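The transmembrane segment annotation in TrEMBL covers 15-34, 99-122, 128-150, 162-182, 220-237, 249-276, 323-341, 423-447.
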Amino acid sequence: MAISKLAANFDYERIVIASAIASRILLLFLIVFWRSLVSPYDTSASLNPACLIDSSSSPLAGQPVLFPRIGSAIESSIVWDGVHFVRIAECGYEYEKSYAFLPLLPICISFLSRTVLLPLVPVIGHRAVLGLSGYLINNIAFVLAARYLFRLSHIILKDGEAAMRASILFCFNPACIFYSSLYTESLYSLFSLGGLYHLMSGRNCVSALWLALSSCARSNGVLNAGYICFLTMHWTYDALLLKKCFRRALQVLITGALNCVCIFAPFVAFQAYGYYNICSGRLPDEMRPWCKARVPLLYNFVQSHYWGVGFLKYFRFEQLPNFLLASPILSLAFFSIVHYGKSRPKLFLSVGFQATAEDRNSAAMLYFPERVPRSSMPRHTVASSSGLQGNQNLRRKKQIIGQDPAKLPVEDKTFNGSGYSSAFVIPFILHMGFMAATAIFVMHVQVATRFLSASPPLYWFASSSISYGVETELLDSI
């Protein structure tokens, strides 16, 4: 039984990897096809002045190339944010506005172009190699991110098939083009989802390192520290109030704080690097306004000054089309949160503490049942991790199919809180809710589609909705 289940999960994972690769191939075909028919809207690819400081980025740069047309085709695809990332990889941080783009992707591009792909410089040109490096990095990172999403989903949902559906939905999500372009979505998703998988597997130190790398890719990576804070809060509650062990509570708090510092450290170090380059050694009259602030945060200044990002700054009538553009992903996030809140109201409103009190169970057991001996686990937790859970849920569904949904208790509607309605989902829901609110009230709302595209609850909710709809139709036909 266990061997067949393990084999099935392995097959599911292979399907997810194959779907991720297929989605990249399909997307590449569509990009080439449409670019052959329609001229690109953005023409910034041609803007490539010489570096302000000779960085000697490649010993072969500037030499004649063998296939200039191939190199030109790759260079013409470097548009929008890709222009900034390739420029940083080639010349470093030359301008103040460049500091809006975090360094992980440029570092990876520069490293790959100087090592593995260096022989291609005389073939297609240096800038084309930089672009090609970025495309390779992001597409490989996307496939790995899909794999980690499947593994994370399997831990949370405890259902290989549901995890597979969620991961395939991720492979074909509306923002998937950004995962194959010169953007940071792929690297962020890889290290964010990988870090959460390690966290939910009990490898806290490894998780902190992965989540720290996510904050090197995108600024919102620092929000992943919220998962550490959430679990630390529950572990402290368990140690201090339930087990009356002050020493253990102090140890948990210190460990959680150090992990959060690790996650914040790359972003803070990058801000210090910007301060050193732009503000250090200058007279007060020569300093930029943000240099004189009590907390000189370069990233916030650049986002506000150059891109107009700020609280309620986008709430203007002329931006209504952008709100409509973001409405599908925001609606999905809203309904997924509402569905979870209705299915487990006490658990949701108590941020997980109600479940701990009801089950007389520690927060560690609630969120990491694999750490606890099966004999000491609550009955419903043991059942959810066994092979009999699917049959139990199916019998329960058969009993309630055909009844008036309005008369069903909440627990019946959610099938005993399994899958998407489990307590494991709470920190992910809170994180996604904060991200969605940030996208609406602070950011340019049209980026919400890619901003939220790495949020697992979106795919878990969609997967559970698909599963429930299919199973209902099957049971109605019996």
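The first residue you see is number 1, and the count goes up from there.
Each residue, glycine too, has its Cβ placed from N, Cα and C.
Taking residue pairs at least 6 apart in sequence, the transmembrane segment (323-341) and the transmembrane segment (99-122) share fewer than three C-beta contacts under 8 angstroms. Three or more CB pairs closer than 8 A are found between the transmembrane segment (162-182) and the transmembrane segment (15-34), so contact between the two stretches is assigned (pairs 6 or more residues apart). Remote same-chain residues near the transmembrane segment (220-237) are listed as 188, 191-192, 195-196, 199, 204, 207-208, 211-214, 249, 252-253, 255-257, 259-260, 263-264, 267, 351-353, 356, 362-364, 366-367, 426-427, 430-431, 434-435, 438, 451 (criterion: CB distance under 8 Å, separation of at least six residues from the stretch ends). Long-range contacts of the transmembrane segment (423-447) within its own chain (CB-CB distance under 8 A, at least 6 residues past either end) are made by residues 155-156, 200, 220, 223-224, 226-227, 230-231, 307-312, 314, 319, 322-323, 325-326, 330, 333-334, 336-337, 340, 344, 347-348, 351-352, 355, 366-367, 417, 455-458, 460. The list of residues near the transmembrane segment (323-341) in space but at least 6 beyond its ends in sequence, with Cβ under 8 angstroms from a Cβ of it, reads 174, 348-349, 420-421, 425, 429, 432-433, 436, 439-440, 445-449, 452-453, 455, 457-458, 460-462.
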